[in-house]
Amino acid sequence: MMDASRSQQPLDAWDDISDSEFLNIPSDEESIESQLPLIGETKGKHSVNLDKPSSSSSFHKCSEEAPKQEAVKTDDVRGLKRKSLHENSFSPMQRFRKQHLSVTLLCDQTWCEMKSVYNLLKPHIKRKEMQRTEVQIGQEIHLSRELEIQDVVPVDIRTREDGEAVKLLNMLHMIPLLEAGQRVREFPVFGVQEGVFIMGVIDELMYNQKGELVLNELKTRRQNSLPSSAQDKVNCFQVGLYKLLFDGLVRGEMKKNHIFDHLKLRSAQILGAGVQAHAKNLGVHARTFEELVETLLITVSCSDLPCIDLLQIEYFHQGSNGPIGTRVAPFDEAQIRGELQAYLSYWTGQREPKGVDIEEAWKCRSCLYEEICEWRKNRFTVSDQQAAHSSSHL
């Protein structure tokens, strides 16, 4: 099966986080300071993951564990203009030049919306955070699991369409494996919710002894204990959103024009020779990007795959390299959709960003942006005014 490496390529929001706490990978529009053309040539190498006999293949994902970080220097405050947060002429999707949102970014928003916004305003700080030891260990653990079931072979890509084609070919390779009862890893999912295109990558799909289709999400932790209820809420939202996207694909809700229009991809683009060759090896005959998209959508919607039956989160201790425990996540579709609608209302420009409530102000102590956060400063100002008002009436 084919898989996308990041060698000489921008970090991609398809490569969603799967094994840490609440960090996100910068998406294809990771920085508002430096942007790639919406449509252009991209030369480099992607990679093909050729599965070993027992299973499927995967995308390389990064990890999340996020303890207290070095505070942002005061010099960074000067670079953050008020209009960056409160400019109303364009929606945040437009201001940050986002064609889509990743599940990872929405999970960051679940933890703290202001932090997710500052991550986009200050991408250099985010990149530094991703180099921490805990994140690197999480990556290594996750990669070792991938390499248990797949080999990696490079594939030459020339355009953005080639890069996306590699990911679609991954899906086409994994679908029959999953239908046959095999375990697959790093399964891409996508869909349109509230008019916004959302992408993610499911860590693992498999059938249990009851015949239920199970989504398993790996999370590595520094602490040899299960996470707090606040972090558990983020993780449950993540797997719930994956289920919404996966179920939508198998139900045939995704249309090809959603992909072309939202991601600004050229439907008539001829696939590169390397991509066509690997597609042929998989028994897929597609000359253009549109032909490949059509093949994928027909295959997944007409497959024998059911909707996901069970969501579980597997916690793994970095220090001992052993399991901590597995949590079965509840799924309430109405609740997930309601939360998602609220989060997306910020990105579509219907409201201003919000920080944490006073009951969760403890999150600020481990936040990179504690010293520059406008929400936090305003909350302190309001609290001081309320305290002064109360004192004056004593």
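Each residue, glycine too, has its Cβ placed from N, Cα and C.
Annotated [4Fe-4S] cluster binding site per Swiss-Prot: Cys112, Cys364, Cys367, Cys373, in sequence order, evidence recorded as similarity to another entry. A 10 Å cutoff on Cβ-Cβ distances gives Cys367 ([4Fe-4S] cluster binding site) a total of 23 other Cβ atoms nearby, all chains included.
Look at Swiss-Prot and you will find 61-79 tagged as compositional bias 'Basic and acidic residues'.
Residues annotated as region 'Disordered' in Swiss-Prot: 42-79.
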Within 8 Å of the Cβ centroid of the [4Fe-4S] cluster site residues Cys112, Cys364, Cys367, Cys373, which other residues of the same chain have their Cβ?
Met114, Lys115, Gly355, Val356, Lys363, Tyr369, Glu370, Trp375, Arg376
Given the binding-site residues Cys364, Cys373, which one has the fewest other C-beta atoms within 10 angstroms of its C-beta?
Cys364
